[in-house]
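J.: This is the feature table in TrEMBL:
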- B:20-493: domain 'Cytochrome oxidase subunit I profile' (DOMAIN)
- B:20-41: transmembrane segment (TRANSMEM)
- B:53-79: transmembrane segment (TRANSMEM)
- B:91-112: transmembrane segment (TRANSMEM)
- B:132-156: transmembrane segment (TRANSMEM)
- B:191-218: transmembrane segment (TRANSMEM)
- B:238-259: transmembrane segment (TRANSMEM)
- B:271-288: transmembrane segment (TRANSMEM)
- B:308-330: transmembrane segment (TRANSMEM)
- B:342-359: transmembrane segment (TRANSMEM)
- B:379-398: transmembrane segment (TRANSMEM)
- B:418-436: transmembrane segment (TRANSMEM)
- B:448-471: transmembrane segment (TRANSMEM)
Amino acid sequence: MSKNWRNTTAIFLTVLLGCVLFYAGTDGFRAFTAESARTYKLLKDKPKFPDVTLEDSKGRVYSFSEFEGKYIMLTFIYTSCSDVCPKLEMNLAEVYSKVPKAWIGEDILFLSISFDPARDDVDTLEKYRKAFESDGETWRMARIADQAELDHLLEEFGVIVIPDGEGGFTHNSAFYLVDRKGYLAEVMDFTKIDEAANTVVTTLKNDTGE
Amino acid sequence: MVTTINKGEFKSRNNLIATYLIIGGLVIAAMMVFGILMLLAQGGVLDLPPAAFYQFLTIHGTGMIGGAALAASAVMWYFLSNYVELSKKVFKLNLILSLIGVVMVIIGVFSFKYASAWTFLYPLPALSGGAWGVTGALLYLVGMLILGVGFLLLYIDTGRAIIKKHGSLGKGLGWDVISGKRAEKDAPSPTVVASTMVTIVNVSALTTGATVLIMNIINVVNPAFTFDPLLAKNLTYAFGHIFANSIIYMGVIAVYEILPRYTNRPWKSNRPFLIAWTMSTAFTLVIYTHHMLMDSVMPKWMLIMGQVLSYANGLPVLVITAYGALMIVYKSGVKWDMASGLIFLSMFGWVVGVVPAIVDATIVVNHVMHNTKWVPGHFHMYMGLGAVVMIFGFIYYLSKVDSSLQTNGLDKVGFISYTLGIISVSVGFLISGALSTPRRWATHFPEWMAPAVFGAIGGVLAVVGLTIFIIHFIRYVKVRGTAGSDLNEQKLA
Amino acid sequence: MKQTGLGIILYGILVIPPVKAYIESIMLLHMLVQLPLLILAGWFIGDMLIKKFHPFFTAWNTDGVPGMILVVFITMYWMLPRALDEAVSIYYIELFKFISLPFVGLFLRDSWKKMQTLGKSFIFLNYLSMFALMAWLYIDSPIQICNNYLETQQKVLGWGFLVITIWMILYLLQAVFTDHSEKAE
Amino acid sequence: MVQTVAWIVSLIFMLLITAVFGFVAFKSKEKRDYEPIKKKWYKARTFYGATLVVVMLIITIYTLRELPYNQPVYGAGNDPTIVDVEAIQFGWKMSETEFKVGEPIEFHVTSTDVTHGFGIYDSELNLIAQTQAMPDYTNKVYITFDKPGTYDVLCLEYCGLAHHLMIGKIVITE
């Protein structure tokens, strides 16, 4: 052993170093993909929703700050998307149906934001709204016409959108819950409907004090 | 062949072998107790909460396979080291890693309520319905991985040693003799052939197992990563089937080595023998699909191959090994004692266990017997009456050649008690299977209870027998080396 | 010494911005060409370094195990989907990539010849199952694992891993089934 | 019934093997030269091996004629009832549970979480058909009930702590 103490020490050190590398590289074994790292970081930072101008399916134009005082359940979509978005919206509809009616419109609004303003004009959004049977009031579909504002929002909320060159986009998806003051409160896995609905209901329950 | 091994080295080798066997034997005995408790619960005699039952189920399967594999690898190592140069360091390392793995598995199961059965079918480890958490699953899966690493190192070493001595694994299986390039008299010994087979199948199994274990670990840590469940099932059964099967292929080395010494008739590798072992190698690798006969989404040809090759896999043992053992014993004037008796019994156990296995591998039968207790019926027969008996036969052999310890009437009682016990357990299972009793159920409907109780009583008999065997072995360990010469084994015949 | 020069040239080519940008734009090239080439560059450069610092390597990496542990950890890190993503979007991770991987090559070169057959076979089988798992993960995953790459690229990478795995299996088969008796004598 | 046949066949072969081993053990006391025994029994082995292969082949061909995987040929106007079965921890969701005697039925079985086993038991608790219930895959069971009564669906693949409570019901009427 004494003859080879350096080698033994080196083994010990390299194992330690390896573990440190993995610990640091995965936020303490929590995040193995950039997506989970993003969620983790978002929840730590809790960014404020920038004051963007929305144009919804009814052609109304207003700024995000109008929603102040209500929780907002958010998704990011584009209507010509054929894979993730329909699923995302279908799941959102299910969450919507699981939230008690009394809160809807009063304490919480649902909002699907399109990041493809060029194609998703008012008419297209209206069609999309009908497809998912949203009422256009308590669950709105809207676009952000100003590209700079849109980019800023996507950046703040860590949404990465890559055009695939054939008119589609690849993007990461999740449910976002923004609190009454406009700060991000939760990021939820959109495939786990029950879990997401639970989180929303619990948050509201704690907040409204019921 | 043993001339180069000096006395001291011989002794320390036997020390290690004895440690392996004691741990293996005790684990097997402890697992039998869990087995009895489960049968009692199913028989309605014992009020066991389902959570405890499924934890017992998990530990019983894992422990039996682990303990028996450990002990059987000691049998293989003991005899193989007479032919090729094995690394004792690796052998020791395997023991240490196995113990670490076992401890993790035990903590995972009993402290963290992990109960996925030893098959840990994806995605069950991650989706327990709230029964266990990430910690338990990780302890179990990582424990299994560490166990696997130990065994993998052991088989890499046997493979290395065989290649060094014989040139290649193909030559270890005697392919050059089969093709006629080498004379039959220069063929590798049965021990080397069997060890080569085990090396090939287990390195494949353990590599596959590592893949599927890590896959499960990833899924447990981050459920967003999902995998194809059918592929996962294929890999899991490929690993489980091969590894469990390899136990008997390691154990049979004891038969090849011990029977000839008792009967004074040589057991040499000839061409049919070598062909049979090459067949076993190939079939063992591919017939796991008979575990998936009830997955009709599998390609149909794979399922049909599952039946056909499972039938064919019976041939090597039925035509070569068992037949050879019978020929060697027939009119040989063999002196029956515990060792030779157990070895002969083990061949019987293996062959008799093959019958219900082949029956169940028939697709139309499997359609109404898959996952009934028929399945444990067949493998309790050939593991309990075959593989485990080979191990204990070896234990009695070792204590005979390495000490002056005598067997007595009690050992005979043990022999009879164990044999009757395991037969009762297996027959109990088979009858349950014929009655459509599902396997792995914490409770039974009243009409299914009687055979379970019968099996439990058989289990008690078997544990009594096994305890007698273990006591004998522990007595041997205490007086080891008293036969005067450690090299006694060469003179036995 | 010639090898060292080759290694430096290779490294130099890999860090040229357009080359780098092009390779990193395609997931398959990024993971299965750039990363291995960086390791290869380190291996070549190691030619001189190992000789020059011979006493250091002998003392601290006597049996090759410490070096191999580093190699395993660093390569495993670079197999994390996240690492690949962040190498594109975060500059210091990118920097870490260009530093750590040549070191992998360097240590691999020093350790491989020192290790025994047992260790080497074990490492080989480890990578075999790891690559198989990667193939499975990338081909099968219904979700997009990396944010910077499209799902189709992910699949292509998976197939790339599968090809490597199959190639490793074939190599292993020929290694154990061809005759080694001459060598042994 | 298949189970009875399987049990009896197994029993016969197992007893046969026991007899052979018993006979050899009984004869082991005698001591004869090995060479003549070898010669004689090697020859017998060739015959025995060949017989075994032939028997296995016949059984294989016989038992592979009709596989449960094959969709039966339905007569005109006799379309099968398709039943969607979804296994969840710990219960069965079936789109229909009441059928008629003689009605051809296809169970399309899948799972939403882990692997389960879909086993149909008749009123005497005999297993009459099964398949695996896998997430992401749909396995099919083709069956036509010929006796009225209440049938049970039991889970046949270990799926968690309430595995043994996962019991569904099917009612067959005349």
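Note that Cβ sites are derived from N, Cα and C of the backbone, with glycine treated the same way.
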J.: Could you tell me what the rest of the chain brings near the transmembrane segment (B:448-471), counting residues at least six beyond its ends with Cβ under 8 Å?
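T.: Here the qualifying positions are 22, 25-26, 28-29, 32-33, 35-36, 39-40, 42-45, 373, 384, 392, 395-396, 410-411, 413-425, 427-429, 431-432, 435, 437.
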J.: Hey, does the transmembrane segment (B:132-156) touch the transmembrane segment (B:342-359), meaning at least 3 C-beta pairs closer than 8 angstroms, sequence gap 6 or more?
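T.: The transmembrane segment (B:132-156) and the transmembrane segment (B:342-359): touching, no.
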J.: Pairs 6 or more apart in sequence, C-beta under 8 angstroms, 3 or more of them: is that satisfied by the transmembrane segment (B:132-156) and the transmembrane segment (B:53-79)?
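T.: The transmembrane segment (B:53-79) and the transmembrane segment (B:132-156): touching, yes.
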J.: Do the transmembrane segment (B:308-330) and the transmembrane segment (B:271-288) share at least 3 Cβ pairs closer than 8 Å, excluding pairs fewer than 6 residues apart in sequence?
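T.: By the criterion, they touch.
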J.: Do you know the mean pLDDT across the domain 'Cytochrome oxidase subunit I profile' (B:20-493)?
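T.: In the predicted model, the domain 'Cytochrome oxidase subunit I profile' (B:20-493) has a mean pLDDT of 91.
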J.: Other than its close neighbours in sequence, what residues sit by the transmembrane segment (B:238-259), given a CB gap under 8 Å and a spacing of at least six beyond its ends?
T.: 65, 68-69, 72-73, 75-76, 79-80, 118-119, 189-191, 194-195, 197-198, 201-202, 204-206, 208-209, 212, 267, 280, 284-285, 287-288, 291, 321, 325, 328-329, 339-340, 343-344, 346-347, 350, 379, 382-383, 386-387, 390-391, 393-394, 397
J.: Out of B:53-79, B:271-288, B:418-436, which stretch has the largest tally of CB pairs under 8 angstroms to the transmembrane segment (B:91-112)?
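T.: By the under-8 Å Cβ criterion, the transmembrane segment (B:91-112) pairs most with B:53-79.
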